[in-house]
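*Asks:* Dropping a structure here in structure tokens format, bear with me for questions.
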Amino acid sequence: MKKTSILIVEDTPVVSLALEAGLKNHGYLVSAIVTSGEQTIQKVRENSPDIVLMDIEIEGNMDGIETAEIIRSDFDIPVIFLTAYADEERIERAKLTMPYGYILKPFRTRDVNISIDMALYVAKIEKEQKQLQESLREKTELLERTLEATTEGIWTYNIQTNELEVSHRSYILLGYDPYEFPADIISWRKIIHPDDLSLMSDIIDNLKESSEAHKNAFRIRHKSGDYCWIRTRVKVVERDKYGNPVLVIGNHDDITQRKQAEDRVKNQNLFLQMLIDTLPVSVFYKNTDGVYTGCNDSYARFLGLSKEMITGKSVYQLFPQDLADKYNEMDKKLLKEQEIQHYESQMTHADGTRHDVLIRKATYHDESGTVIGIIGIMIDLSSQKKVEAVLREREELFRQLFDNMKESVAIYKPVENGQDFIFVDFNNTGLLFGEKTQ
């Protein structure tokens, strides 16, 4: 079985040798040990290791982060950072390279091995996902090329006689040769997804009550065996003397790609919602009309409402008039000036009381740069305000005790390296004593 090969990038010999020993004991193959970014790129090109352990501070003209970016973009090899520094700026830079781990020195060999095992597992999953995506992309392109030469399928259906006429394009749209199977209701129902068969009955029922064209979408089995999404538009073109539909005409086209795109957007939105729901602060967002388009769990809990009860509402539907006026005024100012906005205000809590809050808002834009809404965060300051009030109360109590002491008390601090001192404060008795001694 081929051993996992690891490239070590470390300019401290003691550390690199310790790493090499630990990795070999764990069954890994150390392909090389290098000390600079330039050497790293060369070894990656020559040996194509399975993973790179990268110190951020290394020799040469590139640091570890710059080197990792090249490895990610040109070779797609996982990188785990090793560093003795954990400052925020460095971590943010490192994040941009999408590393598979971040190990702080000093570290234990066991931690390094665990990080490598996890990174290799994640890399394996990502590779499989990319292969699946590539496979899906290839199938999609093939389907697109097939559909380029087709037009929409056309069909007519006589409800009273149960006769169906289907254009040859309807077959080609699904990958079949024209009239490869009979053009009758029974044959076509067989390739409609079982869960969508009821939709066909619903279409006919709706046509009985309406003269308007009816639109719907359902799944139908392609000749390949896969189900694709078909959008159909149906209209009654003939009725009997009682007004019942007799003849309907319809056309349909393949909307599989659009449905897949909608599903991707839906999944992306779900992911983003899950992401903001994990944030410890309250997050909300509105459109340019001031209507809430969403929020996270924290914000909903604070208001004591469900997200559904908040979404689609304006501040005037959720808050008292005076607070709503303030929020609306600040929203309009933000949309006009388009600068980050932060201010203290109040907001009604789920318990019915008003809490002091800090609000920070900004506009967000579409791809063309047009403002399409407002996103904001809200931080509850009530606990902080309570602590500040208690501290002030205790300070006042201390001052009263200090001033009412019978003994003279003075507070001073040394200056000039302890050679002298200056008085900082006296209690009342101390002040009287000072006046008497002058």
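For all residues, glycine too, the Cβ spot is worked out from N, Cα and C.
Because TrEMBL annotations are produced automatically, they should be read as predictions rather than curated entries.
Keep in mind that what you see is a predicted model, and the values were worked out from it rather than measured.
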*Asks:* Can you check which of 118-149, 278-309, 374-405 TrEMBL lists as coiled coil?
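*Replies:* Going through 118-149, 278-309, 374-405 one by one, TrEMBL gives coiled coil for 118-149.
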*Asks:* Give me the long-range Cβ neighbours of Asp55 (4-aspartylphosphate): same chain, 6+ apart, Cβ under 8 Å, in sequence order.
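*Replies:* Asp55 (4-aspartylphosphate) has long-range Cβ partners Val9, Glu10, Asp11, Thr12, Val15, Gly64, Phe81, Leu82, Thr83.
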*Asks:* Write out how many residues of the domain 'PAS' (139-211) are helix, how many strand and how many coil, based on DSSP.
*Replies:* 39 helix, 11 strand, 23 coil
